[in-house]
Amino acid sequence: MGSLSPLSVYTLRPILYTKVILFVVLHKWPQANEDTKTQKPQTVVYQGKPHIYNTFKFSNHFLKVLVFSYFRARPAVQTRTSWNAPIMWELMFDGSLYDRKHKEADTAVALTVFAVGRYLEAYLNTFLTSAEKHFMLGLPVTYFVFTDLPEKVQNITLAPQRNIKVVKVEKYSRWQDISMMRMKTISEVIDAVLKYDFHYVFCFDVDQIFKARFGSEALGESVALLDAHYYKLPKHRFTYDRNPKSKACMTEGDYYYHAAIFGGTCEKVKALTDYCYVNIMEDKLNNVEALWHDESHLNKYFWLNKPTKLLSPEYCWDENIGDASDIQLRRLIWAPKDYEKLRTR
């Protein structure tokens, strides 16, 4: 196949824009100034302007055209927030560049997951084995499994630099309390262990299955997940807590975030979990419970403390949603649920 001209590059599909642009910018652009001194330049008229190029060099204007086209690769979805935080969608990043950066930095990641009561047998093994196929591959990862039944956690085959630590926790009488009190547990383990050994921590619900890459592009200082059921809805339909007696009460917000996944640096995740726990306990003292428990408090926190990165619903998709037109890659899906059998009332 012959070499590509600027015009033919411009007509490539968006998935190739990423690789062409990033390859040129990161690998060839720095050396182009030297290389082209000994090469005969060629001129092409494009959009009424002459562009000088050779094997590895495009004019600055043409590169801007390519970059502009690249950032329009997902025109049907929002790819950046009003405070300039990226929203991660397929086609909007090159995972290999993130991987290289974090491998060079020796980034270590902790994953926390709670498997209490019947949830352990129903979901944990599938969650962990699927994570080994797709979660932060190539990076050191330690799974922190919190359960009331540590002896029932099955052994699974782990890749090099991957570990599991099982921590026994109390089983509360109501599933709502199990969900809310995890915030206290996560804060405590960050303080006692994680902040010394890990750069980032991600917190997951166990009733989920990894299906495709969930990689280092998801890492950030403070990471929130757009809820798959709400990301297309108008804000007045978001199910924020509206009870003025609750600390989670919200009258406005940016997005509706799903508490099934959140993450960031140890410092930022501890700040989030401390905020949620303190406000949950204050609600309890006032005999109040937020509408969606810890998720309501998490939404209030992210309204007051904007996340630095948002994960699109590709990172936590519900197959029961009819319209999946925006979802080009299901990275993680909700596992089938039978709450009547699973949850402690």
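Each residue, glycine too, has its Cβ placed from N, Cα and C.
Sequence annotations record features per position, and here TrEMBL assigns UDP-N-acetyl-alpha-D-galactosamine binding site to Phe114, Ala115, Val116, Tyr119, Asp205, Val206, Asp207. In sequence order, Tyr123, Leu124, Phe127, Val145, Phe146, Thr147, Val153, Val206 are the residues near Ala115 (UDP-N-acetyl-alpha-D-galactosamine binding site), counting only same-chain partners six or more apart with C-beta under 8 A.
The Mn(2+) binding site annotation in TrEMBL covers Asp205, Asp207. Sequence-distant contacts of Asp207 (UDP-N-acetyl-alpha-D-galactosamine binding site), defined as residues of its own chain at least six apart whose C-beta falls under 8 angstroms from its C-beta, comprise Tyr119, Ala122, Tyr123, Phe127, Trp334, Ala335, Lys337.
In the structure as shown, the Cβ atom of Glu295 (active site, nucleophile) sits within 10 Å of 24 other Cβ atoms. Taken from TrEMBL, the feature active site, nucleophile covers Glu295.
Cβ atoms within 8 Å of the centroid of the Cβ atoms of Phe114, Ala115, Val116, Tyr119, Asp205, Val206, Asp207 (the UDP-N-acetyl-alpha-D-galactosamine site) belong to the same-chain residues Val113, Leu120, Tyr123, Leu124, Phe127, site residues excluded. Between the C-alpha atoms of Val116 (UDP-N-acetyl-alpha-D-galactosamine binding site) and Glu295 (active site, nucleophile), the distance comes to 18 Å.
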